[in-house]
Amino acid sequence: QRAALFGGEAQMAAGDVGELLVPYMPTIRVPKSGDRVYKTECAFSYESPDSEGGLYVCMNTFLGFGREHIERHYRKTGQCVYMHLKRHAIKKVPGASGGALPKRRNAKLFLDLETNGDLSSDDFEYEDEAKLVIFPDHYEISLPNIEELPALVTIACDALLSAKSPYRKQDPDSWEEELQASKHAKTLVQLDNGVRIPPSGWKCSKCDLRENLWLNLTDGSVLCGKWFFDGSGGNGHALEHYKEMGYPLAVKLGTITPDGADVYSFDEEEPVLDPHIAKHLAHFGIDMLQMQVTENGLRDNDIKPRVSEWEVIQEAGVKLKPMYGPGYTGMKNLGNSCYLNAVMQTIFSIPEFQRAYVGNLPRIFDYSPLDPTQDFNTQMAKLGHGLLSGQYSKPPKKSELIEQVMKEEHKPQQNGISPRMFKAFISKGHPEFSSNRQQDAQEFFLHLVNLVERNAVGSENPSDVFRFLVEERTQCCQSRKVRYTERVDYIMQLPVAMEAATNKDELIAYELKRQEAEAARRAPPELVRAKIPFSACLQAFSEPNNVDDFWSSALQAKSAGVKTSRFASFPEYLVVQIKKFTFGLDWVPKKLDVSIEMPDILDINHLRARGLQPGEEELPDVAPPIIIPDDPKGIVFSSFLAALDIDESAVMQLAEMGFPLEACRKAVYYTGNMGAEVAFNWIIAHMEEPDFAEPLAVSAFGGVDSTAAAGLGAVGLDNQPPEEMVAIIVSMGFQRSVAIQALKATNNNLERAVEWIFSHPEPEEESEPALDMMDMENNVNANILAATGSEEPRIKDGPGRYELFGFISHMGTSTMSGHYVCHLKKEGRWVIYNDLRVCASERPPKDLGYIYFYHRIPS
């Protein structure tokens, strides 16, 4: 029956087409503004119009489905009319000289698709085909068919085919426009004039400017740009040169890294991508893999092989064997999405995540909502299956390998999968992850864990394997009394003990040479990287930290204090972050370029917490005083701080950075205990205010009395969340209706409500009854969670002895730029995952990692 369904063609006679579609007319919709049309990718898999079976797009929901999943959608919804899209790759007819005919614009190419990586040569062209298909009999109606189709159907088909990608920029704060490859990149002619570009000391060849310089990729001229290129000024000589010579492409000097460069097309009048930028730069003696950033914006390519972190981490200069099959699937870089690729490759190498999503894939797909593109568990299962099935990681055929070698185009790269749908969903509503800017892999990991926690189905929550309890012991230096508190964490943050470097003399000599070279505008000396013993970093983690401006409840006054952290439990999987990133004097994040020999076997049993010890006396459980304004409506009760449960550890983290204690307390309070990072952003936004360092003053909202305020988590008589909580969330920039909905959905838990807002997109054009129903369902779910006691953290404690199985590395000077890759140990050997490039690792750079993943060794 299935073979009959997809095997044959049931073509309708011309006169019957209109009559056939009449019963289905009410289900056929015309895409309108705001509708997302998924015509390039299946909602459940990575099938596309390029795939053998093509893609079926529902004419009612505009969701796309591969052949394997179309029947599921038909049975679930009863929708019968789909548009079938198929792209055909056709080998070009050889010309008279034996080569392929010149490429021409193909009028039959109407799908907004990326070209197949295996068939992107000049030997192939593409044709797109569209049909209407009616289920369950699989009747096919070829398109276009204006004469026979009803007008509504014709309009709907045209609108669907012309609809833009749902991932394109919708508003200024969401997706950024992606750069397009220049039409000149592939055919660019470069003059063989012997020009070689030095690693430093550049200046415009027509004036003396030494900044905002552009290298013309045709003749190697170095000329200044105009002010509007990047705002740094210029005399426009690069543009004049184009008008005079017609050479279209230029690259900005100072932006070249192993990951790319800023390229401008004078002819197209916009920034562009140059897929062949490495070859074009090599023509003038510039090796991209050896380019390094210096603080004055200059680059250096006079570095010995395998010294720069770009080379070492990516294992440049070593012939790596490509890996294919299940678990060795690459992921396309969508434009600075390498942080996501590295984290997800690591996550789905963990058996608990494989079981939770890939193991439960049929159940997750069967019970997914009507729009699976907006369901977290569906998209996780889809991504996990894409990475682990091997379906999208097949070795090239022998004939293709021979052709690549003959054309000297062989690269160990596979088609892999594009995580575009996954990124669009998981980052929706997040101001940073929804952009195309580079992000911190550690922040994304925590964002992912939060979403896993919020969307866990059933009793199994895979993120439990990362969760552990931290015991914090705070001691008042004057009274010697102590306080023990516990908090949940997912990452062990290991400080870099720079003072323990074993090559201090070499570092001092290197720094002197570097400063001399910078002053003389010469190439910097060979890099010397600080070598830090891992034991020193572990010792720095375990040592007490000073807590300046500490408020002692024993003294009822400010005093000095020290804090020590220990593990109250050990997780199944230990995630260790090396705190390489710090802030410079200009508040720009910078990275410490260090080498730390991480152990393959890690034993931290000695860091097990022991609780209150004999002879220790606890600090009184008294909250710091809060200044009450002279307002008759003020909230007057001494336990208000305890009711709000301000995260004192977050307050102290900020205070340790040098901010006033009262400002830190306000930052944590006004950001709803969302952690030190969110509170830090509040501080930066408010530090210029005149009352920035004034004590926290709390006043009532709308005349609420003290009893109502004290019961901050209680639900009002009208089933509305407390006005105080609503006001706090609104003060963070969210709409009042969203704040109320989030609080209802989380049983008036302030911290979870803010998390809920980030993980749940705002409903689009929902009716009031629908919103009321959603509120009702969310309240029921929240009550169920509260009744089952799921608020208590689930801990998987055990021995503190671990084995390294993966690490994520970062290349670049800060989290705002650079590139991420990951190395994973699979089947007894290390494998490097560098976006689409998946290869057996020959020299895993375990000393240069950023985030390390350890698995507990069974006792």
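A Cβ is built for glycine as well, from the same backbone N, Cα and C atoms used for every other residue.
TrEMBL entries are annotated by machine, without manual review.
Per TrEMBL, these features apply:
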- Cys338: active site, nucleophile (ACT_SITE)
- His819: active site, proton acceptor (ACT_SITE)
- Cys204, Cys207, Cys224, His237: Zn(2+) binding site (BINDING)
- 180-288: domain 'UBP-type' (DOMAIN)
- 329-857: domain 'USP' (DOMAIN)
- 645-686: domain 'UBA' (DOMAIN)
- 720-760: domain 'UBA' (DOMAIN)
By DSSP assignment, list the helix, strand and coil residue numbers for the domain 'UBP-type' (180-288), in that order.
20 helix, 21 strand, 68 coil
At the level of the C-alpha atoms, what whole-angstrom distance separates Cys204 (Zn(2+) binding site) and Cys338 (active site, nucleophile)?
35
Do any of Cys224, His237, His819 (recorded positions) have a CA within 10 A of the residue listed as 'active site, nucleophile', and if so which?
His819
Highest CB neighbour count within 10 A among the binding-site residues Cys204, Cys207, Cys224?
Cys224
Sparsest-packed among the recorded positions, when each Cβ's other Cβ atoms within 10 Å are tallied, from His237, Cys338, His819
His237
For His819 (active site, proton acceptor) and Cys224 (Zn(2+) binding site), the CA-to-CA distance in whole Å is 28
What average pLDDT is reported by the model for the domain 'UBA' (720-760)?
74
What is the number of residues in the domain 'UBA' (645-686) that are helix, strand and coil, as DSSP sees it?
29 helix, 0 strand, 13 coil
Remaining residues near the recorded Zn(2+) site, that is with C-beta within 8 Å of the centroid of the site residues Cys204, Cys207, Cys224, His237:
Lys203, Ser205, Lys206, Asp208, Leu209, Leu213, Leu223, Gly234, Asn235, Gly236, Ala238
